[in-house]
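Working notes, structure below.
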Amino acid sequence: MEASAGLVAGSHNRNELVVIRRESGGGGAVGGGAARRAEAPCQICGDEVGVGFDGEPFVACNECAFPVCRACYEYERREGSQACPQCRTRYKRLKGCPRVAGDEEEDGVDDLEGEFGLQDGGAGGHDDDPQYVAESMLRAQMSYGRGGDAHPNGFSPVPNVPLLTNGQMVDDIPPEQHALVPSYMGGGGGGKRIHPLPFADPNLPVQPRSMDPSKDLAAYGYGSVAWKERMEGWKQKQERLQHVRSDAGGDWDGDDADLPLMDEARQPLSRKVPIPSSRINPYRMIIVIRLVVLGFFFHYRVMHPAKDAFALWLISVICEIWFAMSWILDQFPKWLPIERETYLDRLSLRFDKEGQPSQLAPIDFFVSTVDPSKEPPLVTANTVLSILSVDYPVDKVSCYVSDDGAAMLTFEALSETSEFAKKWVPFCKKFNIEPRAPEWYFQQKIDYLKDKVAASFVRERRAMKREYEEFKVRINALVAKAQKVPEEGWTMQDGSPWPGNNVRDHPGMIQVFLGQSGGRDVEGNELPRLVYVSREKRPGYNHHKKAGAMNALVRVSAVLSNAPYLLNLDCDHYINNSKAIKEAMCFMMDPLVGKKVCYVQFPQRFDGIDRHDRYANRNVVFFDINMKGLDGIQGPIYVGTGCVFRRQALYGYDAPKTKKPPSRTCNCWPKWCLSCCCSRNKNKKKTTKPKTEKKKRLFFKKAENPSPAYALGEIEEGAPGADIEKAGIVNQQKLEKKFGQSSVFVASTLFENGGTLKSASPASLLKEAIHVISCGYEDKTDWGKEIGWIYGSITEDILTGFKMHCHGWRSIYCIPKRPAFKGSAPLNLSDRLHQVLRWALGSVEIFFSKHCPLWYGYGGGLKFLERFSYINSIVYPWTSIPLLAYCTLPAICLLTGKFITPELTNVASIWFMALFICIAVTGILEMRWSGVAIDDWWRNEQFWVIGGVSAHLFAVFQGLLKVLAGIDTSFTVTSKAGDDEEFSELYTFKWTTLLIPPTTLLLLNFIGVVAGISNAINNGYESWGPLFGKLFFAFWVIIHLYPFLKGLVGRQNRTPTIVIVWSILLASIFSLLWVRVDPFLAKSDGPLLEECGLDCN
């Protein structure tokens, strides 16, 4: 992919495609270079190119004039890929050259392949080859390519010569020295070998070489004494392993890494680390005890109502029952918490050996951004730089940046970033620095000389810091320039108008900044691919916000690079651990558990948060307690960023099913019992499957062949011999209806292990990439319904992970010692509440959708406790209604003199105290096994109340308005931290209606406390006893709202006046109403008269 090709913009619906060159002299004519290249030597064998039959310089490729001699040209057409090595355009037959397979489409000769016997009748074993299936599907669909290739891998098959070592190097024995070697594979053929690798000619006879009895059989590939010694050593290791297993009894689960296995490279890449029983068993016991105590507590509450305050009692009981149900939904998914360990050294031994080509799987990175005013370009640039410098093979990494705002500022900032990356990436890899985001690396307040031994490090670090500061100045200049938009709109350097001047009506845009064939660093090394993508937007289309942008990146990456794994990051989440990708690959590429893993989720960690974490931005309880519990069931939920996906799982395929071992029969059963069982099994086998099940199994076999590569062959059950050509046409129509009208993308979905089409040129791939990001591409397809990021909620992350788990996949929670990713969090209370509001609104939208976990996905692969967690994730906003009522009750009780419970007996006091003790002990034991600090746990409890009575409450009302009245709410992007002063926004307050409910609750409870104490002082010491319970209830609310109160007052009393006015007004009206009209006071007809004992007469 040429990095200097320029910005490609266009619209598939309007049949427009424009290439805007980055430099005026970037494009050169092909025809002019033909004569010059003809003089160059052959780029394959080094000989002169020579002339053709017409006496003119021989030109093999009419597209790019890549210098290839006639001998190499004929060999490439006969035995190779039949395509130009540079532009990948299929070679056409030139005058005087023999015809090969595929020339009938060019020359019009009928049945040329059948005449010369070049077809094998489908017996060549291509039915299971995804590349062959995909190429055959595209044969009649694409306007480019090599048409009817017989072997799309680029090599002709070697004759069926049985090499005992399967063609692999054994004890440094080259393939030429194997037992049966055709004569043309040796070096004594007499002719000059053109290509370094020997390719067989099926027309040549196979001449086996005779064996010398005096030589070791290893020279012929049959084995040697060394193999015997290895087998003896392996048997001894297995015997020791068997002894260890027998000594351990039945408790051995195979997870111990210290046990001797055959080879270090064959050991598991990861293992589960269960929580010690001394910590988890008391935690489970207290949960059971708390359930029992809750039962007795509710029995007492229901059977002993407060008759003088029946309404207060009824409201409190309803709220407490809801809280108990919410606690059960939250608690039981934490019943089986686990931790995990990874072994990066084993991963390197197996897939990334030194001196050999890396076999690690490619990965595509997705970075999404919308508004550069709220998401500073410098923040996005640091994220991109950390991706480009990740510790992973360069040719395996591709970074796609989605600019959903079509901002020229983002485009120019990314161009500057690609230039700075040429200096930053080699510096990071040379000195192995962490983190690899320059802003955060240079801000570290640590000894940066630790573990550094290179003498040039200090000098180069100072030079790099100066380069980065100059880079920041250039980015800041772009930001300052973008503050004032010209009337005629933005223009590019060549004078052409910026295609995205109209944010809501612009074509799709793609720019390849860096790539494997363009853009090297200052040391001459290759850089990962960096691609700018802005999808097409037109009025009248629903673009589905972030979920639609992510699906566009899925399609673009499938066309250009098609890595089998994806990693999505928010623009403010940089890679803090350069080995994080290898950590994920320890799970994804594990041969034992990797096939069923749909994604690996990393915890979110944040920079720039105040030491006390006033508003619980770190969310430690969720990431270190809840997610570990889910990992022991079916895996954590997807949280929107820092997640490595399996591409095939995003395409809506079911997880592969584990084959059950064959059932065994017992000889001790009577024969008549066995005969009955066998007859029942036979009857079951004869039952026919309904048509609906056949339709469900149309695309892939759930039990046997979950791989989509085998899906094409299954058109009808009972027709295994269907012709592959007809199968490709029929299934392509079905797949295009599912994935969209792009034959290139549909073909890419069949590659389970990734890889792009070899027959496509870069220009055609860019044209196809513009097509798949057009605004109407997803119409009448399964995108957003069953494929990709799921639509229907602004929290698309929950829906996407939920659908995968319903398909039977499992996810993994990975917590490296060094945090994998770090991001920024909102500092001030207003932004934090708006963030929580957006999450809660998304949960309410899912609650009213067809994908609600309460009724969706039964009968699939979702486990019971995993469903509990998803139900809790969409039900928690509704807790705001009982929580608001419960926090209002203390003030009402203090103002009216009533209470929610009657006078407690000794037995009732025991149940109340037992419940409070169980709640406290549950929290203590939870912190003990998870390692969460008490201050983090307490901040989480406080913000649960703050968010519940503000953001969650508004989310419920907005969700109801959207469902009942169709009033949609606007999506606001959370502001990302820039390079401002540390904690400068902590005390900044912005006006928002979310501040009114908690402020009103605070004022109500303060007024109630004052009124209750005043009433007790007036009535004497006898009224102090009942007052303590009410005061405890009120102080419980005030303490939980204390961070809100502290933030409301602020450093310089910056609280908006309107918030104080409205809160005081509502609190005063409510208090006066309850004092004046007391519904819980017993009414009487007149004054109560008693005899005083005095004779008044």
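Positions of Cβ are set from backbone N, Cα and C atoms, glycine also.
Feature annotation from TrEMBL assigns active site to D404, D797. Taken from TrEMBL, the feature UDP-alpha-D-glucose binding site covers S368, K374, E375, D404, K545. Under the heading Mn(2+) binding site, TrEMBL lists K546, D570. Annotated domain 'RING-type' per TrEMBL: 42-88, in sequence order. Marked as transmembrane segment by TrEMBL: 280-298, 310-329, 875-895, 907-925, 945-965, 994-1017, 1023-1045, 1057-1077.
Considering only the recorded positions K546, D570, D797, the residue whose Cα is spatially closest to the Cα of S368 (UDP-alpha-D-glucose binding site) is D570. Non-local neighbourhood of K546 (Mn(2+) binding site): S368, V370, D404, W789, I794, E796, each in the same chain, at least six residues away, with C-beta under 8 Å from its C-beta.
Only sequence-distant pairs (6 or more apart) were considered; of these, fewer than three Cβ pairs between the transmembrane segment (907-925) and the transmembrane segment (994-1017) are under 8 A, so the stretches are not in contact. Among the residues the record lists as binding UDP-alpha-D-glucose, namely S368, K374, E375, D404, K545, the two farthest apart have Cα atoms separated by 16 Å. Cα to Cα, D570 (Mn(2+) binding site) and K545 (UDP-alpha-D-glucose binding site) are separated by 14 Å. Within 10 Å of the C-beta of D570 (Mn(2+) binding site) there are 24 other C-beta atoms, taking all protein chains into account. On its own chain, D797 (active site) has I637, Y638, V639, G640 as residues at least 6 apart in sequence with a Cβ closer than 8 Å to its own Cβ. The sparsest Cβ neighbourhood within 10 Å, among the listed binding-site residues (K374, K545), is found at K374. Mean pLDDT for the domain 'RING-type' (42-88) in this predicted model: 80. Neighbour count (other Cβ atoms within 10 Å of the Cβ, all protein chains): 23 for D404 (active site). Helix, strand and coil residue tallies for the domain 'RING-type' (42-88), in that order: 9 helix, 3 strand, 35 coil [DSSP]. Other C-beta atoms found within 10 angstroms of the C-beta of E375 (UDP-alpha-D-glucose binding site) number 24, with every protein chain shown included. Just so you know, the Cβ of S368 (UDP-alpha-D-glucose binding site) picks up 22 other Cβ atoms within 10 Å once every protein chain is counted.
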